[in-house]
Amino acid sequence: MIYFDNSATTQAAPEVVDTYDKVSQQIWGNPSSLHRFGEAAFNLLEQSRKQIADLLGVHQSEILFTSGGTEGDNWVLKGTAIEKRAFGNHLITTAVEHPAIHNSMEQLKQLGFEVTYLPVDEAGRISIADLKAAIRPTTILVSVMAVNNEIGTIQPLKAVADVLADYPKIHYHIDAVQGIGKGIQDMIMNDRVDFVTFSGHKFHAPRGIGFIYKRQGRKIAPLLTGGGQERNLRSGTENLPAIAAMSKALRLLLTDEAKKVAQQRAVKNRIYQHIKDRDLVTLFSQPTDDFAPHILCFAIKGVRGETIVHAFEEHDIFISTTSACSSKKHMASSTLMAMHIDESVATSAIRISLDANNTLAEADEFNRVFDVLYDQFKKLSHTESKSSAQV
Amino acid sequence: MDYSEIMVRYGELSTKGKNRKDFIRQLGQNVKAALQEFADLEIHAQHDRLHVALNGTPSGPVIDRLKGVFGIENFSPVLKVEKTKDAMFEAAKTLIEAQYEPGMTFKINTKRQDHQFELDTNQINDQLGGHILRSIPVITVKMKQPDITLRVEVRLNGIFLSSETIHGAGGLPVGTGGRAVMMLSGGIDSPVAAYMGMKRGVKLDMVHFFSPPYTSEQALAKAKELTTKIAGFAGHVQFIAVPFTKVQEDIKEKVPEGYLMTIQRRMMLRLTAAIAQQRGAKGIFTGESLGQVASQTLESMLAINDVTTMPVLRPLVSMDKTEIIKIAEKIDTYDLSILPFEDCCTIFTPPAPKTRPDLEKVRNFEKLIDVDALMAEALAGVTVVNIKPGDHYMNQQEEVFAELL
């Protein structure tokens, strides 16, 4: 079995599950309880938080736990909108964001907020000139993803930071769900960023856990009110087994990060080199440094993405049509549409997303299967063009 | 950049004439204490400046530590190079490039001790300036308030260049202002007051009252953990724990409710004064500020202060809560302070304490308890721990948890 769908989710690591089990069974107190079961749970909670903060080079109080990427994105956007509505009603994001951002923005629009979606070029990247032009006196937030989940583009996070250095009141949010552990931590945790969203299950932690970074001094309204957990910003009894497990998963992820990034890049490159000159193949991701090392997105002309996914599945290779969120809805990739890729090509797109566990041998096996399938697809597309010629 | 030393400039102490020697000696000791974990450093406190030779130690962590030492006005990381024109030119360019952003201006400030060096002061300013202008295309020279001032010192043992000036903590070296005790509760205010007291050079011992089982082990651990943060400004701090259960129970049993708080505070202050006297301390610091709570009205202060003639110093007396919180966040005590453990100031509080207690009544009600016996018992149970920065008291299971994480 070859699993090339790591941007959809990753398998929880055994040692991470081990922590989850142990904490569930041994440190099951409520961190808010005053007795020693509670105290032990509280201490583990804070130690997990500290480990994450140390790994990211930030302060312990700047890490707040959530249920995952979707909650983090929703929270930063809506929490900022509520907190700062007296200062303005304009938010800026990109045309290629994950639906957790896009649909939150749409919801805010219905409530009277104004949203600018920055267009992207043929590489899926925003332009700094567009950003500068979009900023208004009423702008309260700029939200940019670190790594595009469909084609792997790395956005110019530092250039955005430089622009926003002149606008200290605007909240700068980075959706780093696909960006952590991919060798660009210095771009994400830059000097200007105020909020960053992370999701645990993208790096071998369990589902239902994530965290945000919130710069000290920045204010955000809570979406979940209640018992006052997480510094009164995110109520709900803390999911301690998952939090401890995620803290461990992050440590493992960032150990030897450079080596792991190089490994993913090598696997991606081997596949890229193998397919790049085929007539029917349109590549959306590039092997260059301004694309993430783990995502390769391409289309095979005339074949629906879904068909390609199932064809590979028959050979025990698991890939995806662009993002997992859109694949079941038979929608063309929103990123590719924003890049003005023709819909007929966009619906043929598939995504390979890697992890440090993937090997060059797996890339070779993928390439072998690719050749077999490519020949079949080629015949298919010939017949299709013939039949259309006859009409 | 691999700096070779850090040059520290003294703060207010430069103006203190005859005490100067003591100040410099104390600051030298404090800097040594703050940097003791870095084995390779050489620290020399001289009459005008203090030099920290790095000997290969990375400058970043050393700089972070120095920022917390009182008595330092500012300091500069310094690059030491051999006494040749080329080495000097190269180092100057590296230093300026590290700081330069388009549009910035610079000037060169040279001091020459070694008159054997091939260039004199004016020649250095001139030729080095020319070299910088040629190497960095759009930089310009400005004599008044330039963005970058490159300091060049030609000494007998090499050329020393620096361009960055980092603000120090200011204040006076801890220990030069004598010794006092600090009443540390565990709330937001007292660590801030301790910080401010130390900033004026006072060496503080922490006095903390605890009342098991009404207060938990965690509350005591929290006060100690706070002390580790405070110790960051003083090298190390003595933590004095005073058992207060018996006193509180006795007062609760015998004294009318409205005066519980006032008389408890009088007992605390008496005990603190006794401890201060035993240790030769000359004053008592508290985190009180006027008007915050019932015990912090002028009438209450008068009634409580009545028990001692030792100066009671209240650095926060006129500060707003928001200002205090800002400092607490800066010195990293805020997050600890807001942990919700009962301390002995919050237990046994009557629903309506007297905000304007009458001194004569207080004195009379106090006759209902045996002050001397209670004092003697509490003092007999005092324990002292020496607390250093980086010690841990809050999370004793840390090692167990380390395996999970």
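Any Cβ shown, glycine's included, is placed from N, Cα and C.
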In TrEMBL, B:Met183, B:Leu184, B:His208, B:Phe209, B:Arg265, B:Gly287 are given as binding ATP, so which of B:Gln218, B:Gln277, B:Gln296 is in that site too? B:Gln296
May I have the DSSP-based helix, strand and coil counts for the residues of the domain 'THUMP' (B:60-165)? 37 helix, 33 strand, 36 coil
Once near-sequence residues are set aside, which residues in the chain of B:Gly287 (ATP binding site), 6 or more away, have Cβ atoms under 8 Å from its Cβ? B:Met183, B:Leu184, B:Ser185, B:Gly187, B:Asp189, B:Ser190, B:Pro191, B:Val192, B:Ala193, B:Ala194, B:Arg314, B:Leu316
Per 10 Å Cβ neighbour count, which of the binding-site residues B:Met183, B:Leu184 ranks highest? B:Leu184
How many neighbouring Cβ atoms, not counting its own, are there within 10 Å of the Cβ of B:Gln296 (ATP binding site)? 20
The largest Cα to Cα distance in Å among the residues B:Met183, B:Leu184, B:His208, B:Phe209, B:Arg265, B:Gly287, B:Gln296, listed in the record as binding ATP, is 19
Across the domain 'THUMP' (B:60-165), what does the pLDDT come to on average, as a whole number? 89
